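Annotated Ca(2+) binding site per Swiss-Prot: Asp189, Asp191, Asp193, Arg195, Glu200, in sequence order. Annotated compositional bias 'Basic and acidic residues' per Swiss-Prot: 1-17, in sequence order. Taken from Swiss-Prot, the feature compositional bias 'Low complexity' applies to 18-27. Residues or ranges marked as domain 'EF-hand 1' in Swiss-Prot: 176-211. The feature domain 'EF-hand 2' is assigned by Swiss-Prot to 220-255. Annotated domain 'Ferric oxidoreductase' per Swiss-Prot: 342-502, in sequence order. Summarising the annotation, Swiss-Prot assigns domain 'FAD-binding FR-type' to 541-657 and lists sequence analysis as the type of evidence. What Swiss-Prot lists as phosphoserine is Ser270. The annotation region 'Disordered' is assigned in Swiss-Prot to 1-53. According to Swiss-Prot, the topological domain 'Cytoplasmic' annotation covers 1-303, 410-444, 511-518, 681-849. Residues or ranges marked as topological domain 'Extracellular' by Swiss-Prot: 325-392, 466-489, 537-659.
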Amino acid sequence: MQRVSFEVKDTEAEKSSSEILSGSLPSTYRNPAMENVGNAVDDGSSVKNNPKLDMQKQNGLVKWFKKCLTMVSGESKAPRLDRSKSTAGQALKGLKIISKTDGNAAWTVVEKRYLKITANTDGLLLRSKFGECIGMNSKEFALELFDALARKSHLKGDVITETELKKFWEQINDKSFDSRLITFFDLMDKDSDGRLTEDEVREIIKLSSSANHLSCIQNKADEYAAMIMEELDPDHMGYIMMESLKKLLLQAETKSVSTDINSEERKELSDMLTESLKPTRDPNHLRRWYCQLRFFVLDSWQRVWVIALWLTIMAILFAYKYIQYKNRAVYEVLGPCVCLAKGAAETLKLNMALILLPVCRNTITWLRNKTRLGVFVPFDDNLNFHKVIAVGIAIGVAIHSVSHLACDFPLLIAATPAEYMPLGKFFGEEQPKRYLHFVKSTEGITGLVMVFLMVIAFTLAMPWFRRGKLEKKLPGPLKKLASFNAFWYTHHLFVIVYILLVLHGYYIYLNKEWYKKTTWMYLAVPVALYAYERLIRAFRSSIRTVKVLKMAAYPGKVLTLQMSKPTNFKYMSGQYMFVNCPAVSPFEWHPFSITSTPQDDYLSVHIKALGDWTEAIQGVFSEVSKPPPVGDMLNGANSPRFPKIMIDGPYGAPAQDYKKYEVVLLIGLGIGATPMISIIKDIINNTETKEQLSQMEKGSPQEQQGNKETFKTRRAYFYWVTKEQGTFDWFKNIMNEIAERDKSKVIELHNHCTSVYEEGDVRSALIRMLQSLNYAKNGLDIVAGTRVMSHFARPNWKNVYKQIAMDHPGANVGVFYCGAPVLTKELRQLALEFTHKTSTRFSFHKENF
């Protein structure tokens, strides 16, 4: 819908341009009446005081005055827009520009610009200066916006007053949905006929879906345009009225933002929660610090006592060795340096033993599943404790090395013969004269090599290297160091480190009796346990070579594998297993959440290409078989060349404890939805089993009681947040299955696509309307392609917690999050806040990848 513009050339005005610039009227308007008008204006009196001025001459004066303003501004004519551009496209782009304006920008700022710009135009703002006045960088859109606002206000001409400018400004900065929608249609309706053809509707759909990165809707623009025309043009007139489309959009948006609050009591509860959640600050510093400490201890008491015990044991060992060597003759020569070195060495022995325990996954899984130690021991923090111990080792190595290299050895070289004599039985009868004597000794070589290997392993274990964050910054040959592979292989250098540690401890200075060489005593049990676990993994993987039954390739570089399930492979939803593909690397094992349920007769994993190994395994599978259409499975029977896959597990994870809670909040970010998918399927299975048991007349009470104790979940909320529309294809069939089987409405599903502008934004209003129409007609969501309606933009997590707290007062809610660390802090903080300020207790569990 384009507006046809006619440009009428005013030759008289051109001829009299010099007269205009000189301040005199053109001859066309020179007559006695107009002379009087001119005098009146010069005198500052009102034009209305001249009774001889008729309406025709007044209009002529206005036209002449506008031309004067145009000439004064240095423009012979107003700039014209490129009408070849899409009207809907300009409108959508314009909404983006408007959204960037600061609604809180003081009107006084705009007013100052207005006064400055109109200083020479008698308080009238030119159309060409509108963008500059309101602070809009896009001059082209500023002109378009001016025209739209002028049409809406029934203003004609290219100038406005301050009052009209203020009215325009208020409409621009009204960010309500209704106002934005009105502005959108005002921008489109350039000829003010209020009509849209099917082609224009199709164009709007394509542009809106493109702006929201929804290729699925863009590809079906013809179908959706026909659906809108069928809805709004039942008489087949060939066009629809904008007002009708506007009402439909408003209706869809009203439904999307409506809430379930249907009673005054619930509204009052919501207000009370909002009031209680307002931040308060105690003026008493001591009381405030005490409250913060108390809340921290209550929320993290498991971590607190474990860390406190660890620090206490280290302090005792350090103090014991310090005092022991302070009372020996060597203290007279080496002083506190030897005490520091020996104290640090004792903590090193402890930590080198402890650091293996958190990665003994089979042992931890057994303790988690078979004992009640999980009540006191934070098994979920095993890797965090592993990292904390690593920091303790680094500190101990630094103190021990510096004390020996920078203090003890120089003091021994500088000691007098009399001072050295008592130490001869430990360092040799002949006093060393060179520093190299200590460096090239067995103790020195083993110690330095250990430090060197530890530095390599510790450095490449840092997140910047392990997650590949530095890959782009490193030069070509070093890029491979910033990868999970480099971390995995260099961590196996600790096999050498432990061998050297035993040798270093055996040839230790100042101790000759075997029973005083305690390094092997510290390491014996943890090393044996860890070695046993690695042997178990090797044995299990050799007999658990699974067959790939099906595979599927999905958008977003996700590979799904369905594998045969070994006979004795028993697991719980939320757990994970290690996967090895010899065709990629015979040594590398990578953990993946199990997306199938314990009741399924197969195992499934979803592998997203996030690193070198995951990209490699996708490449291997794509080479041996032609990639299937998106979401279609390839059967292993028809493709026997699938690569060999080995598995090891299952292993415990935080999400497996969901059955302990009556209410669970499951949050998956991107591929982090994988453990949650298994859980919600398991909830459906357990719910159906529970209903069947309750309906059975036979069966022992003990069996029913046992099922009640193992499965407590009565309500589940699942939030899946992803930025790509194609991601929903990963679990499309599962979502449809859950929506169909969940007869009791136990699970509340929420899919959020963050590429779409938030609900309430006009740029996504058309998508919301199409979503509502298509769901009502076909029962499918146009974004996800499932029976579950999708939401736009990121969830308001505070509102999510608030709604759950309102619906389940006094309940213990388990919050399980899997995804990138970006959300961890916010979700944990909200769990603490609502736990402290409401009757609902939220227990937060995370699983980052």
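We number each residue from 1, going along the chain as drawn.
Glycine residues also receive a Cβ, built from the backbone N, Cα and C atoms like all the rest.
Looking at the domain 'FAD-binding FR-type' (541-657) alone, the prediction's average pLDDT is 81. Residue density at Arg195 (Ca(2+) binding site): 15 other Cβ atoms are found within 10 A of its Cβ, drawing on all protein chains shown. For the topological domain 'Cytoplasmic' (511-518), the list of distant contacts is 349, 425-426, 505: same-chain residues at least six beyond its ends, Cβ to Cβ under 8 Å.
Each residue of the domain 'FAD-binding FR-type' (541-657) gets a DSSP state, and the totals for helix, strand and coil are 20 helix, 41 strand, 56 coil.
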